[in-house]
Structures are given as C-alpha cells and as structure tokens.
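Worksheet: one structure, shown below.
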Amino acid sequence: MISNVSCNFPVEGTAHKPLELQHPMMSQKFEQLPQPKLPVSKFVFRIMLLGGVFLYSSYTIIIHLCEVDGKVPFSNAACVLVIEIFKLLLSIGMFIGEVIQEQRRVVNTNNFIDCLRNRLKYEFSAQGVGSGDTSKMQLLWLIAPFSVPAIFYTITNNLGIMIQMEMDPATYQVLGNFKILSTAILFRIIIKKSLSYRQWFALFLLIVAGVFNGSVNYDSSNINSSSVLHITFKGIIMISIYCTISGFASVYTEYVLKKRVHMSLNIQNGTLYIFGIIINATLYVFQKAIATDDFNLLRGFTFLTWLLVVTQAISGIFIGFVMKYANSILRLFIISSAMIVTTVLSIFIFDLVLKISFIISAALVICALILYHL
C-alpha cells in the first residue's frame, strides 16, 4: 500500500514475493516465473504492437539509406553507444514521471527528492518491499544478472550493423528469422513454459515464411548493394552467431525482468542500459585506440543516423515492455511481421520488384499469428 506520509511505492500491480538472492551466475536451474498484469488495455497494447512492428522494420531500411558508397559513414560502436545512452535518458525520464504521478496521488507527501529516494530504496530492496536495508553484496547479486543480457545485446547490436555490409536487406530479414528456432527452444528450457504442437507448428510457419520471402528478386535501374540479393560466407557465419545469441539474450532478459517482478520496468531497463553503456563505451574506446583515431563520437552522424538512434531507442524500450508483460514468443511475431513491412517499404525505397513468394510469405505470417493465438 502507498503510505500517506511517505512515498513507499509498490509497483507493477503484482503481489510482493521475496526474492532469492542466490549467486546469479551459479544457479543450477531456472524457476517458474510470475506473469505481471498488463498495465494498459488490450486495445492500447495492440496499437503499441503495431507501432513496434514499424519501428523494428525501420532498422534495416534506415541503415541502408545511411550508406555512402556501400558503407555507413559512422562508427558501428558509436551508433550503438549513442542508442544505449538515449534509451537510458528515456528510461530515467519515464521513471521520474512515475515518481511525480505517485507523489500527486499521496495526500500528505514528502518533497520530490524524499519520494525519489524512498522509491529507489524500494526498487533496489532485497525483499521487494519498502522496508529493511539491502547490503552491498545483496545489491550486487540483485543487479548482476542484468549484465548478462547487456553483454549479449551489445554483441547482437554491433553484429546487426556489421551484417548489413555482408548481405542485402531482404536476405538479412530472412536469415534473421532463424532466431525463432533458438528463441523457442530456449524459451522452453529457461522460462519453463511448454508450447503445444499447434504453437510449434505456428512457429515453423514463421520460418517457412522467411524462406519464401527470401526468394524475392530485385529489379532496379539503379544497381547497388541494397537492390541486389547477395550474401558472403562471412555473412553466413555472422548471422548464425547473431541468431543464437539473440535467442538467448531475448529469453534471459524475459527471465530477469519477470524474476524481479516488483521492480519498475523503467528501473530494470535503465539498469540494463547502464551495463550496455559501460560495455559499448569500452568497445568504442578500444576500437579508436587500435585505429589511432580521434574520439569524435558523433563523426559521420546525419539526420538519418539520428532518426536511426531515436527509432531504435524507442523500439528497444517497447521490446522490454513486451518481454515483461507478454513473452519472448510475441517478440518473434513482431520480428516476422516486420519482415513483411520491410519488404513492402523496399518496394518504394529500393525499387523492389516482388514475386508471388512475397504474397505467400505474408499469408504464412498471418496464418501463424492466428494459429498460435487460437
């Protein structure tokens, strides 16, 4: 309950459950997780999903629009680092908004600073309640698991940009769909939720849809790397690693978010992004030191680059929302739907000429959506 004299804030609309503070890297098995209540109506959530699909699909398109002579003019590490910083700023802003809203609902409240301090104490308390002290060691075990997805997301974020130079947009979207298989398998192992044969078949349809979409051909008067189907051997290796790591990062993130269900999503996201910033900043400095280059973080940034930063920051925060209040499987459907949207956008931007395979692919995605949610 919210106190009338101080800001001690239970959040997320779920019952409080003590957290087991075991070593995050030495846990022998994963446990069943609570399912947080969706904080918005189903209608609003569906609108958010639609927006999420367009945000996700914009990534490949914008990356290729940024190309100059077949290369992006900015540092891959710099772009990912700026995206992480922007996501952290958004999360901090939204968390402050939460505290202000709660403060206004309390009759005899403390000042904002006291409310913020009490809220942070609650968020990082060991038992998930607003009382009791948390030792430094307990706090370490509480936040350490957030470093794991941050490490793997750093790898996939950087791979996602580098892969674009090894294949065309459609091929990237198609092969990227093999993360469906790795995610589904790890979802069963880590989240411990079984899928019915019908749901497995629906996921299989998503993979088949990607294969059909891969037979799309380009016919453009302006031949460039974005309008010709191509992939290198290096690209095959990179996309294989990308799909495996992406699947694990996705499922483990869901596990961390739901295991600490009492925490505000904005605090959870912010913790993830802090680790992401530390890792990406280290990577950026290392790359610049090797290249004996100056440390101009924003070199090569254009309007399109900033558009990429904004869209991917918002997309990342939304995906976190999906992972906590839905699951990793729904994220797969967002990715597959984005494949269709990307192809449609490529018609107008890259003069893409489609075959019947695209119609089949779109139909399969729709069938999979219906079949999975029956």
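Cβ from N, Cα, C; glycine included.
Those TrEMBL annotations? Automatic predictions, nothing curated.
According to TrEMBL, the feature transmembrane segment maps to 43-62, 74-96, 139-164, 200-216, 228-252, 272-291, 303-322, 329-350, 356-372.
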Out of 43-62, 74-96, 139-164, 303-322, 356-372, which stretch has the largest tally of CB pairs under 8 angstroms to the transmembrane segment (329-350)?
43-62
Criterion met for the transmembrane segment (43-62) and the transmembrane segment (303-322) (at least three Cβ pairs under 8 Å)
yes
Ranking 74-96, 139-164, 303-322 by the number of C-beta pairs under 8 Å to the transmembrane segment (272-291), which range is first?
74-96
Cβ under 8 Å to the transmembrane segment (303-322), counting only same-chain residues 6 or more beyond its ends: which ones?
48-49, 51-52, 55-56, 58-59, 62-63, 65-66, 74, 79, 82-83, 86-87, 90-91, 253, 257, 265, 268-269, 272, 330-331, 334
